Amino acid sequence: MASTRSIELEHFEERDKRPRPGSRRGAPSSSGGSSISGPKGNGLIPSPAHSAHCSFYRTRTLQALSSEKKAKKARFYRNGDRYFKGLVFAISSDRFRSFDALLIELTRSLSDNVNLPQGVRTIYTVDGSRKVTSLDELLEGESYVCASNEPFRKVDYTKNVNPNWSVNIKGGTTRTLAVASAKSEVKESKDFIKPKLVTVIRSGVKPRKAVRILLNKKTAHSFEQVLTDITEAIKLDSGVVKRLCTLDGKQVTCLQDFFGDDDVFIACGPEKYRYAQDDFVLDHSECRVLKSSYSRASAAKYSGSRSPGLSRRSKSPASVKRAGHSSAYSTAKSPVNGTPSSQLSTPKSTKSSSSSPTSPGSFRGLKQISAQGRSSSNVNGGPELDRCMSPEGVNGNRCSESFTLLEKYRIGKVIGDGNFAVVKECMDRSTGKEFALKIIDKAKCCGKEHLIENEVSILRRVKHPNIIMLVEEMETTTELFLVMELVKGGDLFDAITSSTKYTERDGSAMVYNLASALRYLHGLSIVHRDIKPENLLVCEYPDGTKSLKLGDFGLATVVEGPLYTVCGTPTYVAPEIIAETGYGLKVDVWAAGVITYILLCGFPPFRSENNLQEDLFDQILAGKLEFPAPYWDNITDSAKELISQMLQVNVEARCTAGEILSHPWVSDDASQENNMQAEVTGKLKQHFNNALPKQNSTTTGVSVIMNTALDKEGQVFCSKHCRDSSKSSREQTSAREAPPPPESPRPPGPPATSGCDPAGTWRRHRD
């Protein structure tokens, strides 16, 4: 009853009770003996509520009350923000009991770390003529400007709502006619607008915010409007978005640029923008976001500045698709006779290398275009896949003209997207064995087909239990299909960090696997040139044993003479590569020695305290090898002796892969069974970012398969000796003359057998 009366008090006025005519309980008046007539005598309406205490009389009509209760709609702008379209608020006494409550709600909606960081404390009229201090001063349909403590900034806020894309424009004005005319002109030139999802990444320090925006005829009315939408979504620290750049560094200048080949853009503010390499390189987290965004897209494209430094090439999940490139790949398979080093050389960048928190390597940028010529459509039954253009198989296998990939293999989802190749799940229909189908788009390799051909020709020749095998090869006019062995056990670091027990004997077995693969390759006069833990994958067998398999032959080549191309990964690069005096097969032995050192202590033998590449190279050239205590106190002298032989700066004194296999520490199990898993794992995580636990070990194997020779261009680096142009000229002459190789390659040995001799949980394949 009390709540009902409180509501009625808002609409009725309490007055003194007057006696009704004829009422028995009426009291005579005390003034002059005269009596006051009833309510009708005063023209008042009797109260519907008859109480012993009071009566209520209606003073306002229901229409007036309804008008008072109706919310007033007003638009609020940010002070000085000419790109903010304004926010419409419905203001009613029920929603906002006080003016302060409105300020709190406006702060929540309009304030962030860039705009109004101190909150909304003042409201101006749209012309700045006065301040609003109460809810009653807010009028229906008017606009207001919100500010903190700063003075009013004079801006034509009403123009922020661009009439070119407003849906509520009222007709009848000259401005409206002009807008309508402009709309008709724009419609005539908007045939290029097709529905497209683009990703915009804010410039600045990583990790960077990325937003996805759908562009179509309803959302992309003008270039300025799209910029405004991006500004509102991306929220740059420096304010509004002034320019957009593709991952190639090209500035977007018109609406049509959004509908080209590029799908990823970098948003830049009003600050002077420096085109640094880091801004156009996506790190691992950004690539994951983009991969999830475009996993259902019909095509993907990779681009961006090359990574000039020596670094681990972690592959981001995207591929490149260049429109207009339709060069045919030669269907004839020439025998491997070695690719000259001059063919593998690429222009050397002068920019410094970059790194990300998750990986010391750089990433290519990601782009996406339409589905023209996309390999995934072909794999799923397109006409191109129904023809096997090359009758020549791999390792003696033949495929008939009528043979199709889909008849023999069941093709699954995409499990890896690289710069120049896409990797899909692949299962043999007859055996159920899993493989990885690597699809290389020839259009992306235009002008550099010899690099791919060199890599594939080497893969055709090698067949060893410690090397990832090329199972089958097929080809169409637009794509190259490689059925590869799929290794799911992770890389070398994963094998150590994920195990519960890791001993010196396990490390000995790992070195045996690596040396076995190197002896086989060197017997074919093939140098790998990129031996590192990331390219050593763990193969797990049904009986619980494991072995290492070497992959990623993008830098591999046949040694016909001294090589001068400066390439590799800094930690594992041999001194003769840095010195540029010519090198051969034994650069792989040096890298294997560095890996052996890391396997036993968790950190590399040569390292820079300041993380400077020049310091690292100086230490490698000096070759001063130390076994610091206490990390090496429990390691056998036999292991230290082998490492010292593998890390000889003098190439002639350095041991060969065959000598590694015959060393007692490797062949006679002269190693100990002491568990050093915790110590080695701790140092690995301290010195190697890629040694951190991975969510999916299969991803590591897919990344190795996904690499191509074209991805290795970033690992052809400029050493400190390359600054002398005269020496560079001399080296080019020496490379053309091709003097005899520094070491005599052994004749190819017989194919390795599949027998194994268990050593702990690690297999040792005997050649």
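For all residues, glycine too, the Cβ spot is worked out from N, Cα and C.
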Per Swiss-Prot, the candidate from THR125, THR565, THR681 carrying the annotation phosphothreonine: THR681
Candidate sharing the ATP site with ILE415, GLY416, ASP417, GLY418, ASN419, PHE420, ALA421, VAL422, VAL423 (per Swiss-Prot), from LYS408, LYS433, LYS438: LYS438
Candidate annotated in Swiss-Prot as phosphoserine, out of SER148, SER298, SER525, SER662: SER662
Candidate binding-site residues ASP417, ASN419, VAL423, pick with smallest Cα gap to SER662 (phosphoserine): VAL423
Length of the line joining the Cα atoms of THR681 (phosphothreonine) and ILE415 (ATP binding site), in Å: 28
Span of the ATP site, taken as the largest CA to CA distance across ILE415, GLY416, ASP417, GLY418, ASN419, PHE420, ALA421, VAL422, VAL423, LYS438 (Å, rounded to a whole number): 14
Neighbour tally for ASN419 (ATP binding site), based on other Cβ positions within 10 Å of its Cβ: 26
Residue with minimal Cβ packing [other Cβ atoms within 10 Å] among the modified residues SER662, THR681: SER662
Composition by DSSP (helix, strand, coil) of residues within the domain 'Doublecortin 2' (196-279): 20 helix, 26 strand, 38 coil
Which of ILE415, ALA421, VAL423, the listed binding-site residues, has fewest other Cβ atoms within 10 Å: ILE415
